[in-house]
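Per Swiss-Prot, the feature active site, proton acceptor maps to Asp14; the stated evidence is sequence analysis. Feature annotation from Swiss-Prot assigns active site, proton donor to His42; the stated evidence is sequence analysis. Annotation source Swiss-Prot lists GTP binding site at 13-19, 41-43, Arg306, 332-334, 415-417. Annotation comment: Swiss-Prot describes Asp14, Glu15, Gly16, Lys17, Asn39, Ala40, Gly41, His42, Thr130, Arg144, Gln225, Thr240, Arg304 as IMP binding site. Residues or ranges marked as Mg(2+) binding site in Swiss-Prot: Asp14, Gly41. Among the features that Swiss-Prot reports, substrate binding site is placed at Ala300, Val301, Thr302, Gly303, Arg304, Pro305, Arg306, with the record citing sequence analysis.
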Amino acid sequence: MGKSVVVLGAQWGDEGKGKIVDLLTDRVKYVVRYQGGHNAGHTLIINGEKTVLRLIPSGILRENVTCLIGNGVVLSPTALMQEMGELESRGINVRERLLISEACPLILPYHVAMDKARESALGNKAIGTTGRGIGPAYEDKVARRGLRVGDLFDKQSFAEKLKNILDYYNFQLVNYYKVEAVDYQKTLDEVLAVADIITAMVADVTTILDVARKNGDNILFEGAQGTMLDIDQGTYPYVTSSNTTAGGVSTGAGFGPRHIDYVLGIIKAYCTRVGGGPFTTELFDEVGAEIARKGNEFGAVTGRPRRCGWFDAVAIKRAIQTNSISGFCMTKLDVLDGFREVKICVGYKMPNGEIAEYAPLAAKDWEGVEPIYETLPGWQENTFGITDVNQLPENTRNYIKRIEEVTGVPIAILSTGPDRVETMILNDPFAV
């Protein structure tokens, strides 16, 4: 029997999902993106060569894997063509191995213009979006006015729909945000120039997955961003516009929840966050700066510096609840090498004096929250590239064990470097 495994971020994104997906794809026939868009930067380093994938599933680097983009993904034609071009220039066959749901909402230039205009208007209260039009595209989907991949099959109808929706957007952009209108003809020409390439890859993703499951094929679902950025379960309003949790697999790929066998939550050995929003364990001292330096904590897509802090088990417990996490993959363990002590946040002291074991939902409920830490001895030894858990320093193993105890979830995979070989698989999700 085949296995269906979900790989998702259990923190605020940037946990190292791309590497782990790539690592596990030698076991699978299909890799599926089910939410988000080209705001997700998945960095892979294979034999020293760096690849950043934003929209195309990370399985594209394995010749035996078919990659699927489900209906929950918002798709930018421009970003897709650029990414395909980069991969094809390296001899990677994309067009015969990438299939796209016709129900994917399209991200078009007016979405990007609106995203940037809104963030600019918010000033220091900005959400911290990537400015790539993700939110406005999801808005159009929910409002039932958005254009989808399937609309590209009828170019005349597409042109008419585009005219109507662009009038709607330009009225807001010009009259409310006082910015330049988006040109209709330029937008239309750009999309129609690549329409045939995109429609040639359209397929019934739900049926493909159902047949694969019945045939006993292994399937991997690749999440983007992280649990605490989920539109419903995250630190609202400082969230993304999609369901980043495991439930997004069903709504974003048409795969029934009963058929999910394992949920692998990716966690860093510490915590990071990009953009605004609450972050209880954030460090503003030299320790935080050192973690950022050693971890090279800059966004793969935006290049923005990430905020850094100690491991937050309280936030992780919320992620465990919302995802039914089966096991963790801990990444960037080596970044904590050399610290005299390491800390784990095991509780939140709320403004009313109560102790919370689970993170609040709304951002406003995080105000005035203080972290309650357990302090453990650090380790001076170098763990970079270690591939045998028994070779890890005793204090490193104690740190890992304590996180397992506090969260109640076992660590199935350990990563000690960016390359796929710098990994320890303690419990293979596809062998469970």
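Cβ atoms are placed via backbone N, Cα and C, with glycine included.
Everything Swiss-Prot records as a feature, shown here on the structure.
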residue	record	contacts (Cβ under 8 Å, 6+ apart)
Gly13	GTP binding site	Ala40, Ala224, Gln225, Gly226, Leu229, Thr244, Arg273, Val274
Gly16	GTP binding site	Ile266, Lys268, Cys329, Thr331, Lys332, Ser415
Gly303	substrate binding site	none
Arg304	IMP binding site	Val274, Gly275, Phe298
Leu333	GTP binding site	Ala269, Thr383, Thr396, Ile400, Leu414, Ser415, Thr416
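The distance from the Cα of Arg306 (substrate binding site) to the Cα of Thr130 (IMP binding site) comes to 13 Å.
Around the Cβ of Gln225 (IMP binding site), the number of neighbouring Cβ atoms within 10 Å comes to 27. Here the Cα atom of Gly41 (IMP binding site) is found 8 Å from that of the residue listed as 'active site, proton acceptor'. With every protein chain in view, the residue among the binding-site residues Asn39, Thr130, Thr416 whose Cβ has the most Cβ partners within 10 Å turns out to be Asn39. Across the structure, Asn39 (IMP binding site) and the residue listed as 'active site, proton acceptor' are spaced 11 Å apart at their Cα atoms.
Classification of Lys19 (GTP binding site) by DSSP places it within a helix. Highest Cβ count within 10 Å among the recorded positions Asp14, Gly41, Pro305: Asp14. Taking each Cβ in turn and tallying the other Cβ atoms within 10 Å, the top scorer among the binding-site residues Lys19, Arg306 is Lys19. Across the structure, Thr130 (IMP binding site) and Asp14 (active site, proton acceptor) are spaced 14 Å apart at their Cα atoms.
When secondary structure is read from DSSP and collapsed to three states, the residue listed as 'active site, proton acceptor' falls in the coil class. The CA atom of Lys19 (GTP binding site) is located 20 Å away from the CA atom of Pro305 (substrate binding site). Rounded to a whole value, the Cα-Cα separation of Pro305 (substrate binding site) and Asp14 (active site, proton acceptor) is 12 Å.
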